[in-house]
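Colleague: Pasting in a structure now, in structure tokens, and then I'll have a few things to ask.
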Amino acid sequence: MWVTRLLPVLLLQHVLLHLLLLPIAIPYAEGQKKRRNTLHEFKRSAKTTLIKEDPLLKIKTKKMNTADQCANRCIRNKGLPFTCKAFVFDKARKRCLWFPFNSMSSGVKKEFGHEFDLYENKDYIRNCIIGKGGSYKGTVSITKSGIKCQPWNSMIPHEHSFLPSSYRGKDLQENYCRNPRGEEGGPWCFTSNPEVRYEVCDIPQCSEVECMTCNGESYRGPMDHTETGKICQRWDHQTPHRHKFLPERYPDKGFDDNYCRNPDGKPRPWCYTLDPDTPWEYCAIKMCAHSTMNDTDLPMQTTECIQGQGEGYRGTINTIWNGIPCQRWDSQYPHQHDITPENFKCKDLRENYCRNPDGAESPWCFTTDPNIRVGYCSQIPKCDVSSGQDCYRGNGKNYMGSLSKTRSGLTCSMWDKNMEDLHRHIFWEPDATKLNKNYCRNPDDDAHGPWCYTGNPLIPWDYCPISRCEGDTTPTIVNLDHPVISCAKTKQLRVVNGIPTRTNVGWMVSLKYRNKHICGGSLIKESWILTARQCFPSRNKDLKDYEAWLGIHDVHGRGDEKRKQVLNVTQLVYGPEGSDLVLLKLARPAILDDFVSTIDLPNYGCTIPEKTTCSVYGWGYTGLINSDGLLRVAHLYIMGNEKCSQYHQGKVTLNESEICAGAENIVSGPCEGDYGGPLVCEQHKMRMVLGVIVPGRGCAIPNRPGIFVRVAYYAKWIHKIILTYKAPQL
């Protein structure tokens with residue numbers, strides 16, 4: 001017996017009303033389409049419009065401010081006398097043109113138009129289905145067994161109730177296969193055979209159609225949802241998830257619409273999702289039957305030298321730059337990782353050879369030293385260094401070659417369009433006769449070689465991939481007489497045998513990755529941190545998982561809650577080639593107070609006298625099993641490069657970009673966790689960051705002084721970045 005039969009009528013009405021008013025929890029997968037930005041449902045073709053050759057085809061146009069507004073009206077067919085399948089946004093006139101056709105329709109042709117962007121509803125151009133195929137609106141009209149479909153508005157030979165007027169929005173047009181009720185089996189139709197009432201159509205799943213080679217770095221297909229069915233976020237949008245993978249910043253990564261891609265060396269393609277609680281997920285793309293890469297997809301393979309970033313290096317070097325042996329790729333000791341031969345099948349992760357599977361700056365490996373997780377194999381020479389116009393001498397101020405791309409692959413912009421910016425940071429009139437077209441040049445006497453403007457607001461300028469000519473010994477710093485101090489940050493390196501410090505070190509930064517301390521750093525300006533490149537081995541790293549903690553003494557922030565400042569990192573600027581430096585742009589400026597301050601940079605090219613006592617700071621490995629997590633300081637003295645080389649038994653030759661410091665008697669020095677942190681010296685009552693801690697041979701080894709990046713050598717580059725990188729960074 002039903003309980004409702006026993007209820008008085010008024011009580012029953014009250015219960016029903018209460019049930020109707022209860023909030024309905026819609027699962028994300030079902031509700032996301034209504035909430036998401038409708039532009040995700042369109043495929044964009046830049047600088048393209050559609051021209052109708054059939055005069056009977058209709059067009060609707062109206063002035064609107066954005067493509068998003070055009071998309072909303074197209075999806076809802078609001079105020080349109082037809083079913084909208086595509087639209088064009090006129091960027092110059094801020095006008096929408098809606099079409100009942102698309103580029104696949106007869107009587108229509110594509111045409112180039114610089115001010116136009118064409119957006120086509122994916123449901124009408126997709127030749128595969130997602131899930132049950134409820135959104136499929138393609139033109140297949142034959143069943144799985146080959147029978148022609150019956151038109152939906154016809155009752156011959158089969159009568160039915162699936163009339164187009166009864167299923168608005170389901171596009172029951174012509175005799176195309178559809179799934180208006182979202183039933184199992186996928187799109188179907190009534191057949192033209194009187195003996196067969198209906199049958200499913202043979203339309204494949206998109207996950208079956210799409211395939212990839214290797215790890216999918218070269219995948220450029222239209223998969224736009226994750227393996228759990230979540231719709232991907234457009235790469236040119238910053239909601240619901242902010243990210244750095246902007247199409248204009250990475251023009252070679254194929255960031256079209258919201259399609260799955262693999263820009264950062266993950267095991268397979270992925271995307272950000274429209275679910276606010278799920279930042280990203282992998283996509284379900286199978287391996288191609290013959291999983292071989294085209295010649296155009298393969299990096300140039302070399303065995304004796306590296307080309308570009310060394311992604312094609314297949315040699316047998318198996319130590320990092322300072323001689324520490326590499327850990328085997330198929331081993332999880334001493335360092336656990338997921339960059340295994342199984343996950344990166346095409347990257348030749350054999351033995352313990354140096355490789356670059358993830359698009360880092362150069363080949364690298366995990367090391368066999370438990371205190372040093374990764375290291376670069378920078379001792380591998382570059383390929384094709386010649387003595388002609390492909391290289392430069394000195395600092396490259398006389399380079400007159402025709403290269404017009406930056407080291408990150410961006411095309412250089414014309415010099416004559418950037419003269420105002422150039423005048424802003426140099427104090428003399430540049431030689432305009434040398435500034436040809438958009439060729440790499442060095443008009444400001446940059447110590448680190450030719451460069452160019454890019455036209456990209458996120459990367460205003462960058463160095464060009466040109467090496468110094470072989471055998472060139474021209475010094476890049478002419479005068480080395482000025483007092484110097486440098487500042488830097490490091491990766492997980494810890495000051496061994498240091499003492500706890502409560503002195504004024506408000507410029508010390510703890511860099512966190514997912515709340516775990518990985519490196520130190522120095523606050524050199526309110527919005528800028530100096531640290532080590534080894535803390536960010538991949539240029540394509542997503543920065544949203546990184547934070548900078550300032551004003552703390554305890555690495556976990558215990559007892560520092562009132563003075564602690566936690567800031568997001570929005571941009572990573574790599575230093576000149578071989579510098580091991582990185583500048584981090586903060587999402588907002590740090591607030592300077594009694595606990596947070598900046599530290600000074602040294603003068604460019606300066607030196608500091610030998611035996612000057614300096615200090616290194618860090619939260620890294622301490623030599624103790626149970627670390628207290630407190631900031632430590634170790635006092636070292638400056639040592640001349642020649643003497644430093646002797647302590648290293650002649651195995652290390654220091655150059656003008658390095659500085660050496662060691663402890664007098666006890667075993668003190670930086671270790672993993674301290675990387676990126678500063679070597680701080682005082683001169684003329686001014687404290688400066690003279691060096692940056694980078695990985696070395698071992699950790700606080702007796703009679704083995706530390707080698708630091710010499711900040712004074714890169715001081716002009718640091719000032720140039722701070723002056724020119726003014727645009728908001730994402």
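Any Cβ shown, glycine's included, is placed from N, Cα and C.
Okay, these came from Swiss-Prot:
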SIGNAL    1-31  signal peptide
MOD_RES   Gln32  pyrrolidone carboxylic acid
DOMAIN    37-123  domain 'PAN'
DISULFID  Cys74-Cys84  disulfide bond
DISULFID  Cys128-Cys206  disulfide bond
DOMAIN    128-206  domain 'Kringle 1'
DISULFID  Cys211-Cys288  disulfide bond
DOMAIN    211-288  domain 'Kringle 2'
DISULFID  Cys260-Cys283  disulfide bond
CARBOHYD  Asn294  N-linked glycosylation site
DISULFID  Cys305-Cys383  disulfide bond
DISULFID  Cys326-Cys365  disulfide bond
DISULFID  Cys354-Cys377  disulfide bond
DISULFID  Cys391-Cys469  disulfide bond
DOMAIN    391-469  domain 'Kringle 4'
DISULFID  Cys412-Cys452  disulfide bond
DISULFID  Cys519-Cys535  disulfide bond
CARBOHYD  Asn568  N-linked glycosylation site
DISULFID  Cys614-Cys681  disulfide bond
CARBOHYD  Asn655  N-linked glycosylation site
DISULFID  Cys671-Cys699  disulfide bond
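Tell me about the surroundings of these features in the structure.
Modeller: Taking Cβ-Cβ distances under 8 Å and a sequence gap of 6 or more within the same chain, the neighbours of Cys74 (disulfide bond) are Thr38, Phe42, Leu80, Cys84, Ala86, Phe87, Trp98, Tyr119, Asn121.
Around the Cβ of Cys206 (disulfide bond), the same chain contributes Arg126, Cys128, Ile129, Ile130, Pro222, Met223, each under 8 angstroms and 6 or more positions distant in sequence.
When pLDDT values are averaged over the domain 'Kringle 1' (128-206), the model yields 92.
In the three-state DSSP assignment, the secondary structure recorded for Cys288 (disulfide bond) is coil.
Its Cβ placed at the centre, Cys283 (disulfide bond) has 28 other Cβ atoms within 10 Å. Under DSSP, Cys283 (disulfide bond) is assigned to coil, being neither helix nor strand in the three-state scheme.
All protein chains included, Cys383 (disulfide bond) registers 15 other Cβ atoms within 10 Å of its own Cβ.
In the three-state DSSP reading, Cys326 (disulfide bond) counts as strand. Listed in sequence order, Asn318, Thr319, Ile320, Asn352, Tyr353, Cys354, Cys365, Phe366, Thr367, Thr368, Cys377 are the same-chain residues six or more apart from Cys326 (disulfide bond) with CB atoms under 8 A from its CB.
Around the Cβ of Cys354 (disulfide bond), the number of neighbouring Cβ atoms within 10 Å comes to 25.
Other C-beta atoms found within 10 angstroms of the C-beta of Cys469 (disulfide bond) number 19, with every protein chain shown included.
Every protein chain considered, the tally of other Cβ atoms within 10 Å of the Cβ of Cys412 (disulfide bond) stands at 23. A coil conformation is recorded for Cys412 (disulfide bond) in the three-state DSSP classification, outside any helix or strand.
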Colleague: Give me the CA-CA distance between Cys614 (disulfide bond) and Cys519 (disulfide bond), in Å, as a whole number.
Modeller: 20
Colleague: Quick one: among the disulfide-bonded residues Cys128, Cys288, which has the most Cβ atoms sitting within 10 Å of its own Cβ?
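Modeller: Of the disulfide-bonded residues Cys128, Cys288, the most buried by Cβ count within 10 Å is Cys128.
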Colleague: Give the number of CB atoms, excluding that of Cys452 (disulfide bond) itself, located within 10 Å of its CB.
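Modeller: There are 27 such Cβ atoms around Cys452 (disulfide bond).
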Colleague: Rounded to an integer, what is the Cα-Cα distance in Å between Cys391 (disulfide bond) and Cys383 (disulfide bond)?
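Modeller: Rounded to a whole number, the Cα-Cα distance is 12 Å.
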Colleague: Restricting to the chain of Asn655 (N-linked glycosylation site) and a gap of 6 or more, list residues whose Cβ falls under 8 Å of its Cβ, or answer none.
Modeller: Asn641
Colleague: Which one of these disulfide-bonded residues has the most other Cβ atoms within 10 Å of its own Cβ: Cys211, Cys305, Cys519?
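Modeller: That would be Cys519, with the highest Cβ count within 10 Å.
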Colleague: Consider the disulfide-bonded residues Cys260, Cys283, Cys383, Cys452, Cys681 and say which one has the Cα lying nearest the Cα of Cys519 (disulfide bond).
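Modeller: Given the candidates Cys260, Cys283, Cys383, Cys452, Cys681, the nearest one is Cys681.
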